[in-house]
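Heads up, the thing below is written out as structure tokens.
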């Protein structure tokens with residue numbers, strides 16, 4: 001009888017799951033659609049810009065149909081391409097820096113879905129602008145593509161969208177499960193990254209606009225998901241919560257408040273330096289033989305974040321009784337060391353086989369940001385401040401990208417002009433950056449350690465009698481009302 005009931009129970013469970021799916025599944029779908037767009041458009045955007053620069057370079061000598069892709073790999077064209085891409089990254093970061101605080105506060109007050117929808121709308125508009133400029137290379141200067149960054153004022157772009165996805169994940173997690181939830185979300189992103197290059201290059205063989213069509217469809221699919229899913233802010237508050245976000249803790253004031261805690265400041269510094277890792281692939285991507293290696297790297301990272309890190313985390317927390325914050329700090333330090341070692345290996349790699357091994361080591365350090373986020377969440381005084389905290393981290397990412405991209409593209413351009421022996425120069429710069437990140441990560445302490453300001457307050461309270469302490473509290477309350 002029990003065996004006969006199993007299919008019915010299974011079908012009932014499937015129907016229940018379909019009717020009321022876990023909210024985290026919706027977050028997975030959002031990150032997959034968003035990451036699919038980001039991964040698919042990366043190589044086609046470089047190819048679009050390269051094609052526009054190359055066509056303008058040869059337009060007085062050759063017809064457009066006679067220009068082969070190999071002809072676009074000359075130092076003159078690649079240097080101009082690096083110049084355009086570097087400043088495009090800089091201008092893309094400015095809206096995030098300006099409006100990151102606003103959208104973070106909006107997400108904490110009104111919910112996560114609205115700001116996410118705005119970000120998706122802005123990304124679609126920017127993609128359309130980039131394609132129109134590059135396809136009109138014969139009448140419009142390629143540098144006009146910099147104006148597409150204006151559309152990132154709508155929602156803040158992919159940086160804030162990803163930050164909101166992580167905020168939703170944090171809303172649905174506890175302190176003990178937060179890092180593992182981040183690993184699962186990151187694994188979904190990695191699976192998408194592994195599939196996306198094949199889609200990008202398959203569509204690129206047909207035309208330059210087809211990858212952008214795939215990206216637009218992927219982004220549009222996020223809107224039905226947003227309409228179907230409940231807002232995770234309501235999940236965090238609970239049905240009877242009336243907590244409001246104080247007006248005085250929004251904007252720049254909130255960021256100053258966060259950074260006044262030296263532990264958060266140290267964590268943000270590590271995030272800032274670790275963000276330089278993303279710009280490595282901007283240097284490698286123009287060369288298709290290297291770009292295809294990213295699929296292998298994604299597969300290795302999937303094993304690390306889906307299997308290895310969760311197993312190690314469970315072992316240390318359950319079997320050894322180590323607090324989750326301490327485990328996350330160890331992961332951050334190990335990841336920073338892996339980034340530094342990977343950068344050294346990339347600089348020393350003599351052939352493509354060693355490049356593969358170097359990229360595998362390098363990519364294992366990508367968990368540093370997620371571990372830092374899990375630690376930083378324990379430092380905020382209210383769960384209603386996670387949106388602003390995570391958008392502050394996204395703003396830090398944007399500032400780092402704004403600095404790293406032009407810097408590394410300039411270093412890369414100088415290396416190309418000097419000669420082959422100096423092509424390792426960007427990786428030497430990255431090695432120094434990640435070594436500094438490792439030093440900062442060693443300064444991180446778990447939330448159980450007292451903050452300097454909290455220690456001073458505790459010492460002052462210890463010197464007061466009970467009545468004096470009560471009088472002091474009344475004076476503070478009277479001042480703040």
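Cβ atoms are placed via backbone N, Cα and C, with glycine included.
Database features, via TrEMBL:
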type     : residues : note
TRANSMEM : 84-104   : transmembrane segment
TRANSMEM : 116-133  : transmembrane segment
TRANSMEM : 145-169  : transmembrane segment
TRANSMEM : 181-202  : transmembrane segment
TRANSMEM : 208-227  : transmembrane segment
TRANSMEM : 258-276  : transmembrane segment
TRANSMEM : 288-309  : transmembrane segment
TRANSMEM : 330-348  : transmembrane segment
TRANSMEM : 354-377  : transmembrane segment
TRANSMEM : 389-412  : transmembrane segment
TRANSMEM : 424-444  : transmembrane segment
Any contact, the transmembrane segment (258-276) to the transmembrane segment (208-227), with at least 3 Cβ pairs under 8 A: no
Candidates 116-133, 145-169, 181-202, 208-227, 354-377; stretch with most C-beta pairs under 8 Å toward the transmembrane segment (389-412): 145-169
Contact yes or no, the transmembrane segment (208-227) and the transmembrane segment (145-169), 3+ Cβ pairs under 8 Å, gap 6+: no
Other parts of the chain folded back onto the transmembrane segment (116-133), taken as Cβ under 8 Å at six or more residues beyond its ends: 30, 34, 37, 41, 45, 48, 52, 103, 140, 142, 144-145, 147-149, 151-158, 160-161, 164-165, 208-209, 212, 215-216, 219-220, 222-223, 226
Distal contacts, the transmembrane segment (354-377) - CB-CB under 8 A, six or more residues away: 166, 170, 175, 178-179, 182-183, 186, 264, 267-268, 270-271, 274-275, 277, 280, 290, 293-294, 296-298, 300-301, 304-305, 309, 324-325, 328-329, 331-332, 335-343, 345-346, 348, 386, 389-390, 393, 434, 437, 441, 444, 446-447
